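Taken from TrEMBL as is:
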type	residues	note
DOMAIN	1-241	domain 'Kinesin motor'
BINDING	Gly25, Gln26, Thr27, Ala28, Ser29, Gly30, Lys31, Thr32	ATP binding site
Amino acid sequence: LYEGSTREVVRAAMEGINGTVFAYGQTASGKTYSMMGIEEQPGVIPQSVDDQSADREYLLRVSYIEIYNESIRDLLAPEQIDLRIHEDRKRGIFVTPLKEEIVSSPKQVLKIIRKGEENRHFGSTDYNEHSSRSHTIFQMYSFAERSSASLIAPALTTPLLSRCFNQNLIDLAGSEKATTDLDRRKEGAFINKSLLTLATVISKLTDEKSWGHVPYRDSKLTRILQSSLSGNARVAVICTI
């Protein structure tokens, strides 16, 4: 799965091109498992980290957020409130305040993911007793690249050229038919709206004849991903059935 869907995006990211990978499908179809995996069979996210650390010394900074009912929540620091989207010329579009962790191995990533999953919104629906009711974005940002020797003795070696990149690995909320529960119906309305906005944004970006307004701001998901969907970016979609 990783080789066929994601590795090209990761390799491009290592050359400075922003990358985004979506897992999309009905609830209980294997989206989260495809992205996370287990220690014996790592998914897309751990394999991405492994790929990036195989050839060079990247210092990776990661964060893990969810978008639930159009509210942003830090899964690594759930007590944090009032997370907002900001934009500036240097960093582009980013969420703050946001806890970030530095990682260097797939095992570290799985540990962080498990911590985040404990804080994620799940709910019982008519079709699944443990349905994800939020989108999650696992972001990886490389802010340094140096040779192994330079990490040990910086004065003895010349650092390699630093290439900064941003990668978004996204587990979209499960799509399913309308439910009888009022809370689930409310969640479903937010989920469907954000998925529709995502589809509209991608459609406009890929249609050479479309020169109209791209509605990034119509949902938190597309607003956060704006820099990684347009311009210097590559996108892959994993569909689960």
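Note that Cβ sites are derived from N, Cα and C of the backbone, with glycine treated the same way.
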Practice task
Look up Lys31 (ATP binding site) in the DSSP assignment and reduce it to helix, strand or coil.
Solution key: helix
Exercise for the section: Take the Cβ of Thr32 (ATP binding site) and count every other Cβ within 10 Å, whichever protein chain it belongs to. Expected result: 21
Practice task
For Lys31 (ATP binding site), list the number of other Cβ atoms lying within 10 Å of its Cβ atom.
Solution key: 25
Handout entry: Check: same-chain CB within 8 A of ATP site center, minus Gly25, Gln26, Thr27, Ala28, Ser29, Gly30, Lys31, Thr32
Key = Gly174, Thr240
Fill in the blank from the handout: Reduced DSSP state (H/G/I helix, E/B strand, rest coil) at Gly25 (ATP binding site) is strand
Exercise for the section: Let me know the model's mean pLDDT on the domain 'Kinesin motor' (1-241). Expected result: 82
Handout entry: Long-range Cβ environment of Gly30 (ATP binding site), under 8 Å and at least 6 residues apart
Key = Thr240
